[in-house]
Amino acid sequence: MTELKNDRYLRALLRQPVDVTPVWMMRQAGRYLPEYKATRAQAGDFMSLCKNAELACEVTLQPLRRYPLDAAILFSDILTVPDAMGLGLYFEAGEGPRFTSPVTCKADVDKLPIPDPEDELGYVMNAVRTIRRELKGEVPLIGFSGSPWTLATYMVEGGSSKAFTVIKKMMYADPQALHALLDKLAKSVALYLNAQIKAGAQAVMIFDTWGGVLTGRDYQQFSLYYMHKIVDGLLRENDGRRVPVTLFTKGGGQWLEAMAETGCDALGLDWTTDIADARRRVGNKVALQGNMDPSMLYAPPARIEEEVATILAGFGHGEGHVFNLGHGIHQDVPPEHAGVFVEAVHRLSEQYHR
């Protein structure tokens, strides 16, 4: 494989010295960029964009042409795994993702296959290989998956949810069925991420978008336990380099200590967690990624710079910080504000690495 020209992101995740704090943005390939909208229109719909390796590569690279980002992230969706299990994923205008055959009971779980990542999910691996080739070693490529709990919420609810009553009903009334589903998902996700690593992903991230809706005890049993299983099953070295793993539970700031015990390399923080406090609690064990409020990108440039400076000062001197937003970038943010953000991170962080 090509020699990596900029390995800041990988080094920071392993808490090794860097010259400036690396930065990337969740959903950096997305609807805030006019060029993304043009490519998506060309693809026809969202899943057609994900399933076309050339177009998925194009949208992955678009933000890197605009901004000096320190990592690329595979353009895909967390729902590729349940889709490959045969649940019939489709997108409803204004409602987001839906499934034609939601999981309602243990019998439904028993029927679900564990998808072969090189077969049913082969289009994702093709995209990874294509992106790695086109990146030419400029920056590392991040692979990712949703967490078992987060994937299960969509599979049981039949789509997005605000109250999560359907899956919580299963959790409390039929926990055996939910554990069977989560176990199958943990196996599927570990295979899926390992296939991404073999195809060329140089780091991986597990997005637990909905872990924060659980009580502390339920989070341990129904979310963290299964992420821990995945981390235990991952390839941690490939192509002569360590492959760092980041866990991100949105709304999970109160559980950082437990998350840091999983053996992951880094934890993602949302904007509701104070980064100085997070570093005091777990900074001797894991790197931290985050954590500016994505809505700050609506602010004037001077205010964005001020917020970047505040978060950098909060983390302080030394290694182990990857700058990011606390969740995905909003689709109506001015692209030049994202540029202000990225440039400010590099310029203002230099003093913390001397």
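Cβ from N, Cα, C; glycine included.
Computed from a predicted structure; not experimentally measured.
Under the three-state DSSP scheme, Asp77 (substrate binding site) falls in the coil class. Other Cβ atoms within 10 Å of the Cβ of Asp77 (substrate binding site) number 17 in total over all chains. Under the heading substrate binding site, Swiss-Prot lists Arg27, Gln28, Ala29, Gly30, Arg31, Phe46, Asp77, Tyr154, Thr209, His327.
Annotation comment: Swiss-Prot describes Asp77 as site 'Transition state stabilizer'.
Residues near Arg31 (substrate binding site) in space but far in sequence (CB under 8 A, at least 6 apart, same chain), listed by position: Lys37, Arg40, Gln331. For Ala29 (substrate binding site), the same-chain residues lying six or more positions away in sequence with a CB closer than 8 A to its CB are Tyr36, Val59, Thr60, Gln62, Pro63, Ile73, Phe75.
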